[in-house]
Amino acid sequence: MSSSKPYQARKMSRRQLITDASRGICGVGLLATGLAGYAKQSQSLAAQCLRPPGALIEEDFLAACVRCGLCVEACPYDTLKLGKLFEPVTTGTPYFDANIIPCEMCEDIPCQEACPTGAISPELESINDAQMGLAVLLDQETCLNTQGLRCDICHRVCPLIDEAITLEVQRNTRTGHHAMFIPTVHSDKCTGCGKCEHACPLPEAAIKVLPREIAKGELGKHYRWGWIEKDKAGGSLIDEVLDLPDRVPEGG
Amino acid sequence: MKHPIGHEAIETKGWFATHKYLLLRRFCQLGILALFVIGPLLDIWIIKGNLSSSLLLDTVPMTDPFVALQAFAAGHLLESSAIIGAMLITGFYFLLGGRVFCSWVCPVNMISDAAQWLRRKLKIRTSTKLSRKTRFWVLAMTLVLPIYLGTMAWELINPVSMFHRGVIFGMGAGWVILVGIFLFDLLLVEQGWCGHICPQGAFYNLVGRFSPIKVTADKREQCDKCMDCFAVCPEPQVLKMPLFGENKGFGPLITSADCTNCARCIDICSKDVFKITTILPEKAEV
């Protein structure tokens, strides 16, 4: 083999240049399209996946989290896991499934402390203000308390007992003379730690913690509650209503 | 009949000297991986996290600047510890040579080296043509997509971070992508992933453009054109001019940032043509 020829710098023709460039752009464009589709799909969090306490809202979290796993290693209870490829959570991001291991709500929030990027926001000061998700009594037909039993387990394991979950007394219409104590979650207090779901004695929990985006409804922005507006104004906002005579059905 | 690659070097220098840098690299790659793994495995916490972001001895933050850039493109301003970490790592690879990451740290290097090795053993010579510039297009894509999507799209499938993360935190289905890279390199394109596509390598290529540590074909007059270095080099185009371009006015320094400073050429050369050298920044563009 002669050594002088093969190593001359090849001159690239314009045609070659355009061919190469368009091949590159087409190939990468194809890859980008597929990737964008996959990315769009994985932008919504699956219902059983919860983010660590203080995590930014999902959209911002996915822009911020570098998938380093420092929060996972900081978690003393092995609650947090990193999402794997094709799992229903964005690859490499931390999540927990309350049904497997719930959040123990450490007071010093080690996962937040470990996060280098602010994906777990440093603004969360107390673990009791965390909003990892929201517990919902999803199945009122299987919950033992709705059968009139005094299971109460979800209520008793709640770290914010009588604040995040209260037992609301209702009349038991089946027996006619007993009470039912319905576990009732209050969204302003519930941290979404998942202890209630984890502790539910049913083979499939009746109370489940969902990401807040799924669990919460949203009021129309134009809605005003008359009684609240009345309190704010210190009195009725409209003039005295005309008092018309009541019409009673005949024979009533 | 040509001798197998490295035959002359082993005869003149011995097996160990012919594999010195290769062994050092494997030691370095596996050592770094081991440091990360002994934390969760044995509760020995020298370093926490993974290559994307980590904390050394509970004090020194380190963040992959490529991931940090993706986060920035996605619209998130990182906390200071991640920014400091990204600057540390950028400075580190700027000094040592950008693609030192590829050959001395990145775990995927072992996959592509294995494919390359098997290619030689099985004498697979077919290789689909693909421009080595493709990686820069892919790099551009990985930084443009987050601007539109608001999420680090590349990190969904990035084999580099996935491999490293998988070893520490569980691989899941991630091995599919790693096997894919192995087969791609073995059957479709020689050095396909690391040499043509990987945007992380392209990023570190840019970081190391003016780095002061380079390989030089210092004693190129001793070269007997056995071509062993071309056979083992992951980016053989970087060798051409420094080795054979003297009459065209090219110096012996391997200036291309494609070079990963893997030093395999130093190992394999029976004539001691190559060595690692340091240069002052202004001389970098010889």
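Along the chain as shown, residues are numbered 1 onward.
Here the Cβ of each residue, glycine as well, is placed from N, Cα and C on the backbone.
As annotated by TrEMBL, domain '4Fe-4S ferredoxin-type' applies to B:213-244 (among others). Break the domain '4Fe-4S ferredoxin-type' (B:213-244) down by DSSP state and the numbers are 16 helix, 4 strand, 12 coil.
Per TrEMBL, domain '4Fe-4S ferredoxin-type' is recorded for B:250-279 (among others). In terms of DSSP helix, strand and coil, the domain '4Fe-4S ferredoxin-type' (B:250-279) has 5 helix, 5 strand, 20 coil.
Summarising the annotation, TrEMBL assigns transmembrane segment to B:27-47 (among others). Outside the transmembrane segment (B:27-47) by six or more residues, the chain places 54-58, 104-107, 109-110, 164, 167-169 with a CB less than 8 A from a CB of the stretch.
Long-range Cβ contacts of the transmembrane segment (B:67-95) within its own chain (Cβ-Cβ under 8 Å, at least 6 residues beyond either end) map to 52-54, 60-61, 101, 142-144, 146-147, 149-152, 154-155, 161, 203-204, 207-208, 210-213. Look at TrEMBL and you will find B:67-95 (among others) tagged as transmembrane segment.
Per TrEMBL, the feature transmembrane segment maps to B:136-154 (among others).
Per TrEMBL, transmembrane segment is recorded for B:166-189 (among others).
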